[in-house]
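According to Swiss-Prot, the protein carries these features:
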type    : residues                               : note
BINDING : 32, 53, 61, 97, 391, 398, 399, 400     : FAD binding site
BINDING : 169, 170, 171, 172, 213, 214, 225, 398 : NADP(+) binding site
TRANSIT : 1-14                                   : transit peptide
């Protein structure tokens with residue numbers, strides 16, 4: 001039997017017209033979850049897909065992670081909304097895996113469970129002083145200015161001094177630097193949370209330091225994001241000329257990567273332009289600080305328990321293997337004073353009970369999206385009916401579109417397993433889930449509830465001349481959904 005015919009026969013077996021629909025549950029309503037749902041619905045005409053999320057709002061980091069001054073990136077929401085409105089798809093928000101229901105209960109209810117809940121925690125540096133107040137992860141800061149209900153009450157210290165330090169030089173670091181330095185008049189017409197805009201208007205921050213362990217050639221950012229921050233009005237760029245010196249190893253890296261060469265050229269051009277112009281005392285400054293790594297955080301003498309700076313160790317690059325250079329500490333140290341530190345060193349996924357998890361890599365062990373319970377030699381034992389997609393599958397890397405290919409691979413594995421006849425028993429699916437949630441008095445938010453939230457936010461936005469005014473507390477979100 002051909003592969004096409006086998007897939008057709010399986011699709012007919014799990015037909016919506018029969019008593020054996022294929023019940024699929026996707027945990028997480030970000031890009032990975034919606035792309036997976038879309039591909040499952042297209043591949044299997046008998047599939048019924050439920051997308052659950054702990055938040056009452058769908059779309060994951062497209063809503064809470066994308067910077068407010070990047071509205072074009074949020075266009076993906078239109079496609080995801082069409083998926084959620086599909087007759088064989090349901091969004092069920094305000095349902096938390098691990099507390100409202102367990103993974104084992106989901107697996108009992110559905111033929112297929114796909115975990116796509118991303119990375120909602122942060123990597124730690126593991127250095128002294130990391131618990132001082134005034135130190136935040138970039139994720140916390142991003143969720144604060146994007147109106148995430150978990151962080152709407154955050155009070156980042158923007159007024160104690162004129163300096164903030166960002167550890168990391170990737171695109172997330174550039175995002176938070178841009179929000180700190182961009183004129184608030186330009187942010188006012190975006191969907192930035194009002195509490196964040198008000199705080200930024202009163203901010204004393206005038207100098208932002210972007211700290212990287214390696215050099216400008218190795219900076220983990222993209223030219224598009226860099227050009228945007230370099231183009232901020234009345235922003236003075238500062239880069240030490242010595243940091244722009246390149247070695248033969250750097251030259252080799254740029255030969256093999258046009259992107260790295262372009263980044264270096266943009267930084268060099270910005271540094272040269274800054275040398276020929278005098279800094280206005282009222283200008284804001286963005287300092288790119290290379291070849292430094294944090295050794296410890298310094299505590300304020302005046303404000304006990306609060307950060308007052310970062311002790312940095314100078315680094316040099318050493319070649320390891322072909323074309324790769326790593327940062328090595330030199331034993332020389334210097335202090336950099338600040339009142340706020342943002343750690344943009346990476347997101348981290350968290351496990352749930354009953355889920356195999358690689359704590360070192362921060363991912364669920366998997367083979368092409370199939371969750372692996374244990375491995376012996378070259379043989380991997382997989383968990384029947386349990387799959388993973390997105391950051392939980394591959395780590396917190398890539399852009400929104402990366403999840404499209406990731407979902408394609410996972411759904412390919414699901415289809416192969418269906419063809420092999422892995423599931424032949426009936427499952428309760430949506431009906432069983434709704435009964436369980438009702439029994440536990442969980443206030444679920446369906447897509448119609450989200451549409452009420454969406455309509456209210458847009459209406460409030462019209463009144464304030466912005467795309468939307470986000471509801472930023474759990475109470476307000478749930479009240480709007482139930483209205």
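First residue shown is number 1, and so on along the chain.
Backbone N, Cα and C define each Cβ position, glycine as well.
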### Summary
Expressed in Å to no decimal places, the gap between the Cα atoms of residue 32 (FAD binding site) and residue 170 (NADP(+) binding site) is 21
### Query
Taking only the binding-site residues 169, 170, 213, 225, which one has a CA atom nearest to the CA atom of residue 391 (FAD binding site)?
170
## Note on the structure
For the binding-site residues 32, 61, 97, 399, the largest set of other C-beta atoms within 10 Å encircles the C-beta of 32
#### Entry: Winner by Cβ contact number (other Cβ atoms within 10 Å) across the binding-site residues 53, 225
53
### Task
Restricting to the same chain and to sequence separations of six or more, state which residues have a Cβ under 8 Å from that of residue 214 (NADP(+) binding site).
290, 291, 315, 317, 325, 326, 327
## Note on the structure
Rounding to whole Å, the Cα atoms of residue 61 (FAD binding site) and residue 172 (NADP(+) binding site) are apart by 12
### Task
Go through 169, 213, 391, 398, 400, our binding-site residues, and report the one whose Cβ sees the most other Cβ atoms within 10 Å.
391
### Residue pair residue 400 (FAD binding site), residue 171 (NADP(+) binding site) - Cα distance, angstrom, rounded
13
### Message
Nearest of the binding-site residues to residue 53 (FAD binding site) by CA-CA distance, picking from 171, 172, 213?
### Response
172
### Query
Between residue 97 (FAD binding site) and residue 172 (NADP(+) binding site), what is the CA-CA distance rounded to a whole number of Å?
27
## Note on the structure
Rounded Cα distance in angstrom between residue 172 (NADP(+) binding site) and residue 399 (FAD binding site) is 11
### Query
How many neighbouring Cβ atoms, not counting its own, are there within 10 Å of the Cβ of residue 170 (NADP(+) binding site)?
19
### Task
Tell me whether residue 53 (FAD binding site) sits in a helix, a strand or coil according to DSSP.
coil
#### Entry: In three-state DSSP terms, the structure that residue 225 (NADP(+) binding site) belongs to
helix
#### Entry: All-chain count of other Cβ atoms within 10 Å of residue 172 (NADP(+) binding site)
26
